[in-house]
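Below: the structure, in structure tokens.
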Amino acid sequence: MDRSPFYTMDDFDFNGKRVYLRIDINSPINPITGEVVDDTRFIHYLRTINELKNSKVVIIAHQGRPGDSDFVSLRQHAGHLGRLLGRDVLFVDSLIGSAVETAIRNMKNGDIIMLENSRFYSEEILIKDDGTAQKNTFIVRNLSKLFDYFIIDAFPAIHRDQTTLTGFKDIKPNIAGRLMETEIKSIDRFMNSKSHPKLAIMGGAKIRDAIKVTGPFLEKGIVDNIIFGGVAANIFLWASGIDIGKRNMEFIEKQDKNYKKLLEECKSLLSRFSDRIYLPEDFMLNPLQTEIKTGEKVQDDQLLADIGFESIKTFSSIIEKAKNIFLNGPMGMYEINEYSLGTREIFNAVSQSPASKIVGGGHTINAINEFGLSDSMGYISTGGGALINYLSGEPIPVIDSLVYNRKKFGGN
Ligand code: 3PG
Ligand code: MG
């Protein structure tokens, strides 16, 4: 087998060592109670942490983004992880400083500490990696002296160039954790598969990500065809000159203040790849739950809430023929029962397909769980944006950092 381009946990003996462990347990938070409502990501880290049972493990993670209601302390994350592990996880409510240093220096083998949300510190988000800037942050200067090894296992955040992810690559070996390894192997299998047709199904509301990867997906032949649903489909329809109605346009404008640029990108993609992009032929409208054909008049107050029956039929027959399927994003407002049919039927079609399958994205996984399909959807990734960015074959900051680090510390 080829040598991994980055270090893995097989390359070092961590017994008795102090280990920096960057994970991604960024989770949905109930906006009223502030509680973590889904612990899927936590569960994926049990393997990496259990393998380090004779080390001193310090966990670093982030939660939410400044200004959002899910931007909360990691105190409850530490408690929850401890319960899942059946071990104590001591929470220290800062990321750097003397309390952190003392706690870490006093650790014994088998101890686990979790530090505070790394995004509480502006150096985490604001300082981009230009070769020296991250290295000079207080975060890196404070933490680098405390560890023997740096394990980076935050697969869902590999597309982020942030200090606790990429800032330590010049200090000591940076090692991919077990989640990272599993994810990359599974995604590479999809990318390297020679079985065609390869199909991507993209929906949901994250239009920027979906549009950004469409070019690379189709140009590089990573997939042969793409089906769009959800808001992603709406912006492509808008770009092609179709009336999608006032409320749907306003929704897109609110989603992304650079929507005009996105519209231009969609236009160019449609002109280059019109025969490989599939958009809904009909919709279910909210309110009223009536159906219209794409292009028919949408009233000012109406939302395109789900794909219609013809679209379900066409998309399902494309899915039936596919040999490899990548699924990311619901077809409509699946959270509301009356508008969940499109998503349900498309996800059912994927689940019944014998193709090799890979799925990701918070809403997608939530819908899969709700529909009771989690055992038949193929490989379920912990990544959303991370997954589609990795699949697009474009440079990925955390992967690049790990590869650079192995070259630096391990020779060629
Ligand atoms: C995610 O959930 O997408 C990752 O944790 C990265 O978070 P971000 O999208 O807020 O950067
Ligand atoms: Mg994200």
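Just so it is clear, glycine is given a Cβ too, placed from its N, Cα and C backbone atoms.
When secondary structure is read from DSSP and collapsed to three states, His62 (substrate binding site) falls in the coil class. Sequence-distant neighbours of His62 (substrate binding site) (same chain, six or more apart, CB under 8 Å from its CB) are Asp24, Asn26, Asn117, Ser118, Arg119, Glu124, Ala157, Gln162, Thr164, listed in sequence order. Annotation comment: TrEMBL describes Asp24, Ile25, Asn26, Arg41, His62, Gln63, Gly64, Arg65, Arg119, Arg160 as substrate binding site.
TrEMBL lists Arg41, Arg119, Arg160 with the feature (2R)-3-phosphoglycerate binding site. According to its DSSP assignment, Arg41 ((2R)-3-phosphoglycerate binding site) is helical.
Other C-beta atoms found within 10 angstroms of the C-beta of Gly362 (ATP binding site) number 20, with every protein chain shown included. According to TrEMBL, the feature ATP binding site maps to Glu335, Gly361, Gly362, His363, Thr364.
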Under 8 Å by Cβ from Thr364 (ATP binding site), counting only residues of that chain that are 6 or more apart: Gly204, Leu327, Asn328, Gly329, Pro330, Gly384
Residue pair His363 (ATP binding site), Gly64 (substrate binding site) - Cα distance, angstrom, rounded: 16
Nonlocal neighbours by CB distance (under 8 Å) for Gly361 (ATP binding site), same chain, sequence gap 6 or more: Gly204, Lys206, Asn328, Gly329, Gly384, Leu387
Arg41 ((2R)-3-phosphoglycerate binding site) and Gly362 (ATP binding site), Cα-Cα, nearest whole angstrom: 10
Binding-site residues: Arg41, His363 - member with fewest neighbouring CB atoms within 10 Å: His363
